[in-house]
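Participant: Just dropping this structure here.
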């Protein structure tokens, strides 16, 4: 499907319900991410009280802080476990089946955390946070995969944005409920954790009414009739043969390799380019510094001169802006494109991280500098929501074929959670050491990620999975490919072949227009050299690429 003439999407009630059911897991992820911050002092007092009841002695402050740190950070440890397991679960139980099993973990986690105060057990809180992490780690792999595979091509970007929208809604919801006027009190804080059982219960009710991923059924399970039924249910139409045929083409390309392990994805040269791009996208999300804002925003605002009570409400503003801008990005995702929005997001974050640093350095100049720091932080969050907050999750699922997709998504989720854990662990001592310059490392990394994206990341909007796979078959995508044209990559220093001389592929036969668009002398840039498959391997790959899965 060309970028210029995307087929109109048929958004049906069944498709909407299926998407909503899938992103409930991401809502729970956002909620669990933010719920632990607001009641920190209350939970620390609870830890001290339980220790006194058990031992008859006052708890040492360092030991209490250590228990609190475990309760916070063990969520990320569980997320890594869930993330690395996602591909195996998706292959064995299916995307829908995996989400159903995962919601049982969500209910167990919510029950443990909700009973913490009643049974006077700090260990139960820590266990609940661990299980919640596993649950959310699985969700961050399964939900994007399911959405990418059930959504029509024309709205696949918007569907992927729903993941981040659900996360931001969950984060904001936890911030609102955590204020003292609602559940952030000594009497009611257990309900703040206990209500996390509601989303998985709702998901367990809705998911059985939703179809399994048609792409999983046809390609992974070889159940064409079931895949057709699922697709007809999602599209509310019997005219689904074009999509079935597109899936069959991908099936033909991946038949020799029905499933791929994580080790094969990590070691296989044919997946190296996609893997590097996908992991750099995930790292650009976490090492942008956004979690430093999420985890420590109240402290950051206080350091900038905002009063403690005011800082908590400014923090709510961060959540509101995240939700609002993610809503704005939904229609943009399939119009402006993933690459463009990611570049815009990273560029904006780069600029406003510099502004924020200068506001910290100049806060003695006058009270107006406080407002500069607040506005720069909020705009920093705006640009995160436009691109980096959403795109890494969907792009990792888009650039891999059906065979390696589950394993690749698992690797991406693992790296994302690990990076999030490292930022949460490193930022406090980094802030202590660098003082007002604590965001400078993130500014440098943002510049690096922007350059990498500009040089190496292709545009995937309005393309089928097979068309995206074609972008990677000859090596690194060129600038023309980034604009949406399927142009074979030609190594610098070699004469390009014209369209009639190029090796005929199934995709070229189906897309004569794309073949005719091949220029005689494409512009040679550094981007067409980046991360390239060596020339000595290309002739072999071109000769056998019909038998190999798409990279």
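Heads up, the Cβ atoms here are built off N, Cα and C, so glycines get one too.
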Participant: Write down the single range among 208-228, 229-249, 250-270, 313-333 that appears in TrEMBL as transmembrane segment.
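Facilitator: Matching range for transmembrane segment: 313-333.
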Participant: Which one of these stretches, 42-60, 289-307, shows up in TrEMBL as transmembrane segment?
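Facilitator: Of the candidate stretches, TrEMBL labels 289-307 as transmembrane segment.
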Participant: Which one of these stretches, 125-148, 461-484, shows up in TrEMBL as transmembrane segment?
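Facilitator: It is 125-148 that TrEMBL annotates as transmembrane segment.
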Participant: Restricting to the same chain and to residues at least six past its boundaries, which positions have a Cβ under 8 Å from a Cβ of the transmembrane segment (368-395)?
Facilitator: 140, 144, 147-148, 156-157, 159-161, 163-164, 167-168, 277-278, 281-282, 284-285, 288, 290, 293, 297, 300-301, 304-306, 314, 317-318, 321-322, 324-326, 328-329, 332-333, 338, 341-349, 352-353, 355-356, 359-360, 362, 412, 416, 457, 460
Participant: I'm a bit unsure how to read this: which one of 66-88, 189-207, 340-362, 407-427, 439-457 has the highest number of Cβ pairs shorter than 8 Å with the transmembrane segment (12-31)?
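Facilitator: Selected stretch: 189-207, with the most Cβ pairs under 8 Å.
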Participant: Apart from its near flanks, which chain residues at least 6 from the ends of the transmembrane segment (66-88) lie with a Cβ under 8 angstroms of it?
Facilitator: 32-33, 36, 40, 43-44, 47, 98, 102, 122, 125-126, 129-142, 145, 262, 406-411, 413-414, 416-418, 420-421, 424-425
Participant: Which range out of 160-183, 407-427, 439-457 gives the transmembrane segment (340-362) the most CB pairs under 8 Å?
Facilitator: 439-457
Participant: Can you check how the pLDDT averages out over the domain 'Major facilitator superfamily (MFS) profile' (18-461)?
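Facilitator: Per the prediction, mean pLDDT sits at 90 for the domain 'Major facilitator superfamily (MFS) profile' (18-461).
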